Amino acid sequence: MTDFDTKKLNKKWTIEDSISTYGIDKWGEKYFSINSEGNISISPDNKSQKKIDLFKLVKEFKSREINTPLIIRFNDILKDRIAELNNAFSQAIETYDYKNIYKGVFPIKCNQQRNVLEKIIEYGDRWNFGLEVGSKSELLIGLSILENQKSLLICNGYKDKKYIETAILARKLGKHPIIVIEQRDEVKRIIEAVKDLKATPILGIRSKLSSKSSGRWSKSVGDNSKFGLSIPEIMLTIKELKEANLINEMMLLHFHVGSQISDISVIKDALQEASQIFVELSKLGAPMKYIDVGGGLGIDFDGTKMSSNTSTNYSLQNYANDVIATVKDSCEVNNIQHPIIISESGRAIISHCSVLIFNILGTSHVSSQVKVSDQKKQSLIITNLIETLNQIKNLRDKKEDLSEIIELWNDAKKFKEDCLVAFRLGFICLEERAYAEELTWACAKEIANQLENNEIIHPDLSEITDTLASTYYANLSVFKSIPDTWAINQVFPIIPIHRHLEEPFCKGHFADLTCDSDGKLNNFIDNGKIKSLLNLHPPEKNNDYLIGIFMAGAYQEALGNFHNLFGNTNVIHIDINEDNSYKIKNIIKENSKSEILELLDYSSDNLVESIRVNTESAINNKTLTIQEARKLIDQIETSLRKSSYLSE
């Protein structure tokens, strides 16, 4: 019997069981589902019949020597997300008879990859979709790839004089940059730049709202927020712009109430406050034309549609309706022309289109099999543990309440602690300690088997599940590919991409390749709650066990680092054809070890030469043969050209 044989597969396991276990029917929306073969299926929208089998896709990539870990970017999903956002605002504008338009922008910081931004511009062109930049580097990207002169380029972030001058001069190229004043000292720089260049900008102002936010980033807004002007600072800025004859260039109000806002009431409150500020700025003589509602449009990571860190209590259409209706009401009450609505919705656009796939390298787990000790005379601790295990087994066919099981489990834990103390003092040997641990695990497994049908586990017994959990070793760096799970405990949908016709009877979590205890994935979505273990299958010999992390297209690639020198993974951009085939549009190859070392100023040639010199010394000292030296150098040179991740 193998370590995973403690429970036989349930032959009646169905796809519906897998759907219920992983909740993919909730968080998967129209994009992700399980097909009749038990594999994850990708659909770009609900209007066409296009579908692609994710597991088969990854296997085909492997045949092309494009190995895991890898990111697959589905261009069709990105296209659909952009259309969904723009259509939602179009519908709201029609419903509320709004007398202006919506012009969205994508915040480059969410995903700066060139292939991503080019697709966003391509797919958004029909709506004059623009970009938002937050640094001089991002400004250069925006100016170089945004060709549509009707598209907006919102200029946020800290701005020195060069940033401001670049944005002002870009207007002469036919671009449409709007410089958003976020710090008081930017006003002086803008005035100086206008005088020096004898050119005028389009200006906006970012307000710090008093409205409270919700979710993980709720503390990033308000009086102590990093960006924006207080109301007194806004009044002073308006005064200075009037004195500099620049008030006629002030056309935009911007605000931001945090990312991934979970509660729609927060958005409504912020909109009401901001709309009134917009009205007042108009009354002060600024020809206000735009209101930028910032980011914050959340996505539903767990599918519960509730206000939480992993969900939202509103839909995309709810959001658009509230933005349009609130701004309209404030303007009409004050006889102000309806402004152009701008939003900076990054996460909602880019998250769904990227799927991160990794393979499992191996597992470790607690064995419930007890090996008979060779010790002729057993210590009292061992005897007590054997007796406890037998007492637990004797409860199998009895209907006592849980109190007896709890008592016996506490006894087993106490005997194990006694064993550790005895070992420290030298009273028992290493073999006896190993035997005691095996007996304790066997007690835990026996209790787990007896309680497997209990829907609610007593708190005193809940630790047993963690005790018996398996660790699945992932060919992945958490710090490189999915850093938000480590940095802010963000929870993403994680699910095997195949074998959904089999029962995932193992409970486990993931450990990554890095030599860091934080390199793990142990928070998983569970119907609105977070659980520490995921239902998984036992890996099969000679077959990859493939896991997908979904809805992780925002921020992760930009925030990832080279911890332990694990580099970028392969990234493949694909289009799904009408016949359910696919076309690879772009392949961004993973970093080789040589490329990673070069980033840290290590020359691969120098590295090889240094080792070669060492081999010469070893040959002279007769500790290494010439053949061994050649083999070592060959392996090092080959390794430098290969991936930093593990391969077969």
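For all residues, glycine too, the Cβ spot is worked out from N, Cα and C.
According to Swiss-Prot, the features are:
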BINDING   Ile291, Asp292, Val293, Gly294, Gly295, Gly296, Leu297, Gly298, Ile299, Asp300, Phe301  substrate binding site
MOD_RES   Lys109  N6-(pyridoxal phosphate)lysine
Task: Starting from each candidate's C-beta and looking 10 angstroms out, tell me which of the binding-site residues Ile291, Leu297 has the most other C-beta atoms.
output: Ile291
Message: Same chain only, sequence gap of 6 or more: which residues have a CB within under 8 Å of the CB of Lys109 (N6-(pyridoxal phosphate)lysine)?
response: Gly134, Glu138, Gly346, Tyr555, Ala558
Statement: When each of the binding-site residues Val293, Ile299 is scored by other CB atoms within 10 A, the minimum falls on Ile299
- request: Look up Lys109 (N6-(pyridoxal phosphate)lysine) in the DSSP assignment and report helix, strand or coil.
  value: helix
Statement: Sequence-ordered list of residues in the chain of Phe301 (substrate binding site) that lie 6 or more positions away and have a Cβ within less than 8 Å of its Cβ, or none, is Trp27, Thr310, Ser311, Val491, Phe492, Pro493, Ile525, Met551
Statement: Gly295 (substrate binding site), Cβ-centred 10 Å count of other Cβ atoms over all protein chains shown, is 24
Ile291 (substrate binding site): secondary structure state under DSSP, collapsed to three categories: strand
- line: DSSP output for Ile299 (substrate binding site) maps to coil
